[in-house]
Every structure is written in C-alpha cells, then in structure tokens.
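So that you can see what the record holds, here are the features copied from Swiss-Prot:
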| type | residues | note |
| --- | --- | --- |
| ACT_SITE | 132 | active site, N6-AMP-lysine intermediate |
| BINDING | 41, 42, 43, 44, 45, 90, 91, 130, 153, 190, 307, 331 | NAD(+) binding site |
| BINDING | 425, 428, 443, 449 | Zn(2+) binding site |
| DOMAIN | 610-691 | domain 'BRCT' |
C-alpha cells in the first residue's frame, strides 16, 4: 500500500475530514475487497467516530461518498453483484455504561414509556440480547423452503453472490424443515469459524507451507470469498442466524425472540447465548454475564447486540441512514489497537529463555493500558518484520499477555531499525546461545544468573537431585529476596540464626533444614550432575554421564565428540552440556560447591570403551539348549562383545543362536531370513570372524 498523506491537525476541519475519509476508505477496501484487514477495529471505530463528530459540527463537510453515509466497501471483481431486497444495515456502537443508559432512555422516550417522579421508567422496554459475532455478515434466500441464493453484505445495498460457497457450509440447511414454510424468506446471519477449527486450519496451512491466517475472522472471510467453492468446502465454516430481511407468504413473528425460535423450528442454526431482558439494568447484566464467559466461548465475539424485542415497537422506532434506531451493539474494550514501538529489549525467564519485549507508547487495549508486549522470539520478530519505530498492532485478550501482531509497513519511518539479538545476557553477562532446531535463545549462566536463581535453587533441591528436604519454593523466595542466597553454593553457608529469622520458619524447621543440607553434602555424581539443571539433561542422562566418565572433571572438559560417545547422548544434548560447562560463571559456582566441607561423592573409574568388534551394536536372540554354554554365560559373553541380547525375534534381529529343542523363535528366524548360528558359529562371532 502506498504511503498516505500527512495527518492534518484538528484545527483544519476540511483537511482533517478529507484525511479521515481517505483512511476509512482505505481500511474498507482492505477489509471488504482485499480480505486483508490492516486496521484494528478500535482504530477504525475511533476514526469513524471522529469523522461523524466533524460532520455533525460542520454539516457542509458531509459528502455523498463519506463512509458515514454507507455501510461498507465496494463489490469485488469475480463475484456477481446482488441487490438486497431489504438493506443490510450495520449497528450503532456503545462502549460505556452511560452509552447503554442513554440508548435505553432514547428508546423509552420515543415509545412514550411512563416514568415516575424521579424520572425512572415504570414500564421498562423489553429487549432481546444476543452475541455480536466476529465473522462475516451474509443473507440467505429461501424460496418455498429451498435455499436459492447467498450474498454478502457488501455496501449494505449491493453485495456479492456467494451461493455456491455457502452451499458447502454444513450447518446451513438447503431445505427448511416443516410442512409450512414461507414463500420467500431472507435470513440474515454471520459466517464464522470456531476457535478449534481455526487452529486445525492453520495447522494444515503450516503443513502445506502456505500462509497462515491472522485470526478466525480473516479465515472465515477469506474462505467464504474463494472463487473456487472446492476450497471453501475444505474450510470449517459455521453459521448463526440472527435477523430477517424479507418475508412473504407467512406473518412476521411478533417479537425478535420469537423469530429466532421460529428459525430453530426450520432447522436454521441459532445461537443459544441469548436472553430477553428489561431496561438498561437488564442490558448491562447480560453484557457482564457474557463478558465473564467470553474467553471460554468456542468462537470469537467482540460484544453483544441489543434489539427492542417487540416488532411493532421496532417499526415505530424505524431507522436512521445507516442503522436501526431500535438496536445497539455494545462492544467490549478493543482487543487490538495501534501504537508506536519505541524500543525492543530482552528479558530473561526463570529457565534462561531470552524473550524479545516490545516497549510501546502507552495504549489502552483490552481494558488496560499497555506499555510492553511480548515478541515471543527472534524468529517471530523476523517473520513479522517488526522494527523499532514502527506503528504496530497490539493485541490483548482477557488475561493473555499482550503481543505485537504485526507492523503497518505503509507507516514505517525511514529510520526504522531492525532488532539485533544480544550475545550476552543483560542480567548476568553470560553468553547467550541458541541450540540447533530450537526457536528460543537462552542464557548459559544457569547456576549464576539472578534471573534464573529461584529456578536453579528449586531444581538443585529436588528429591532426584540433592534431595534437600524442607527447601520449598516459599523458603527459596525468602532466601533470594533477602539476598541471603545467590547460587546453590550459598545454601551450605546458611546458619541457624539466619534461618530462624525467616518468616513462618520455626526453630525446629530451621534445624531440620540444616540437617537436610548436611545430609545433601554426601551425594552421588549422577545426582549432582542432574542437580546442575543442564538443559536436556534428565536423570537418566546424568546417570549415563556419571557411568561413562566416572568423575566430574572429564565431563566438564569433554569435547562434543567425546560427549557423543555417551549412551543416548545426541548432538543437541551434547551441545547443551558443552555450552553449560564452557560458561565460566557456571564453573565458578561448581568450584564453590566442591570446596572443602561442601558437596562430595565417591569417585568411580570411567566405563571401559565400548567394544568395536563385529558384534558391537548387533541384536542377538538365544533359543534352545547349547552343548557347552548355559544361556546366562552366552548372554554375558555377547554383551561383553557389545551385542544386545533380545528375548524375541523381529526384523531388527541380526542373528539367532539356536541349540537343541529350538522352537518358534527358530521358525520365525527362518521365515524372516535371519542368519541362524550354532554354538561354533557363536564362538566365531565372539572371536571377530563373520560366519
């Protein structure tokens, strides 16, 4: 998109109105025609509201093509235009409680509702309340109960024919249920995509190496407006009916709630999250109830809709140019907003994960003022092409951490700077490393880094590590926050007086912890290695390292090639171990832990080198009775030669050694074509000769 003209100040209403019209029309085109929305709803609403106010204050600024005089965008090429028999109008918006009270008062006054001396309505208005779905509005046309046409809203007067695509939506009946159906019925409703279906669609997009959709609304709109209905058929779209256009051949239901019940009797999908309430208090009660469950709903909504329930009262209230007077959309606080990204810092997590964080000009979004937002990782920053100085879209939903969704490239300043991942931890100065095939970079100073301190201490004290009973998370929190412990080595410097002064820590608890620390000084090499918290080194790998090297120093000094010789240690684990011990800060803490009077363990000899003969790594099965060797003796000899002795025959078996009375294992070996040896053949293998 080309760069837009400079933003004129409010002191120039003519220029300001022209600029606002331009911004809104660009947004409409991107949303309705290109299916590539580039402006958050909150920003669109703000600009639209400003233009409305300008035109109210300066009526001479109103133009026939102003966005305030129509509903949406132009009809896209590739689809046949459809003129709606009844316009598909949008709704006016309300945001604050005061807006809802004012709406109720306008409606009550217009309907001549009676009030008491205090001005309160004694005969409150009856409203039908529904959800405001975040999808694409469409109209379904049924003739004598048979589905004949579907069209999008378009500009409210003329939409696009999407009949063949809508036929693929399984929730939409192609024929209405019941013996008595209208001669003509225009059903208004919303095409949307459920959250679970959206997640599955994006999984398929990733697997096919195709572009992912930003959100369910974009996915629904893009899927519905495919030129090839076969593509739409592969997309998991849903539909909810919520309104009516034209009806012929049957009387109109007396209320809106009755209309929705009527739709259900025809087999049309109608959302059950609806209610009939009275007055402003009833409206606000419904809004709050829905707000509490919003995040748990299986689909996205951006508010609720209020409609005067009685049809005769709707008719009395009528319409303004672009919206009905009898209805209002009550929108939740915007979940997306625009602001400027002023810097990108990195923060260090409890496990050493380095996360880029956007520092933002303050913006109100999702019900709170946001100044920071996560950028997840370096690859995400590159993929989204986010730069310092950009105007960015910030999203905050519920209690979810705010995130930067993307940048508006057309607003990018010439001096926008790319993000560069630091090479040293901003907290402790240790090296930042990123393992192959991992998206997250990490600080390698696990034992030393203050940001990882609590996690390192908690892991060190685990039952499978040093097993320091009584050192729980709450005690660790106090020790760290009072600056009594910086590294695991400091634990062994704690005294009774210090521990006894901790909050809610009695003298007996202090003594028990000291006894546990004294006991922890006598451990095993495997437990100590596990307690260091090396990434990808679990309890089993720690045992393998201890068994292979016998003592700690050879492990600390081992090359990646030497580490790869350890059982079940692959390239990623070897790289992680090597990085950990290459960091001087970690080696310093280990040296402190091994100081006199601290942690000790019995040293053992390194394991013998693995055999390299013809049996090394081979799988052998023993069956039957051998003339001179017991089965246990044969097994011991095979394992000493580097073979694995298995209990059953499979395609992975290399040899079967068969003696007298060999049974089904011999038959299975012959069936699979596996070499079968007698005792002499076994001895040849053990001597290094291939039989």
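First residue shown is number 1, and so on along the chain.
Glycine is treated like the rest: Cβ placed from N, Cα and C.
Annotated features, which come from Swiss-Prot, shown on the structure.
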residue: 41; record: NAD(+) binding site; DSSP class: helix
residue: 91; record: NAD(+) binding site; DSSP class: coil
residue: 132; record: active site, N6-AMP-lysine intermediate; DSSP class: strand
residue: 153; record: NAD(+) binding site; DSSP class: coil
residue: 307; record: NAD(+) binding site; DSSP class: strand
residue: 425; record: Zn(2+) binding site; DSSP class: coil
residue: 443; record: Zn(2+) binding site; DSSP class: strand
residue: 449; record: Zn(2+) binding site; DSSP class: coil
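Taking Cβ-Cβ distances under 8 Å and a sequence separation of 6 or more, the neighbours of residue 428 (Zn(2+) binding site) in its chain are 443, 445, 448, 449, 450, 451, 585. For residue 43 (NAD(+) binding site) paired with residue 132 (active site, N6-AMP-lysine intermediate), the C-alpha to C-alpha distance reads 18 Å. Residue 425 (Zn(2+) binding site) is surrounded by 26 other CB atoms, counting those within 10 A of its CB over all protein chains shown. Residues 41, 42, 43, 44, 45, 90, 91, 130, 153, 190, 307, 331, recorded as binding NAD(+), reach a greatest CA to CA spacing of 26 Å. Helix first, then strand, then coil: DSSP counts for the domain 'BRCT' (610-691) stand at 27 helix, 16 strand, 39 coil.
All protein chains included, residue 43 (NAD(+) binding site) registers 20 other Cβ atoms within 10 Å of its own Cβ. Residue 132 (active site, N6-AMP-lysine intermediate) and residue 91 (NAD(+) binding site) have their C-alpha atoms 11 Å apart, to the nearest angstrom. Residue 91 (NAD(+) binding site) sits 52 Å from residue 425 (Zn(2+) binding site), taking the CA atoms of both as reference points. Taking the Cβ of residue 45 (NAD(+) binding site) as centre and 10 Å as the limit, one finds 15 other Cβ atoms among all the protein chains shown. Same-chain neighbours of the Zn(2+) site beyond 425, 428, 443, 449, judged by a C-beta within 8 angstroms of the site's C-beta center, are, in sequence order, 348, 352, 426, 427, 429, 430, 432, 444, 445, 448, 450, 451, 452, 585.
Each of the binding-site residues 91, 443 was scored by the other Cβ atoms within 10 Å of its Cβ; the lowest score goes to 91. For the pair residue 45 (NAD(+) binding site) and residue 425 (Zn(2+) binding site), the Cα-Cα distance reads 42 Å.
Each of the binding-site residues 307, 449 was assessed for Cβ neighbours inside 10 Å, and the highest tally belongs to 449.
Each residue contributes its Cα atom, and for residue 425 (Zn(2+) binding site) and residue 153 (NAD(+) binding site) these two points are 53 Å apart. The least crowded of the recorded positions 132, 153, judged by other CB atoms within 10 A of its own CB, is 132.
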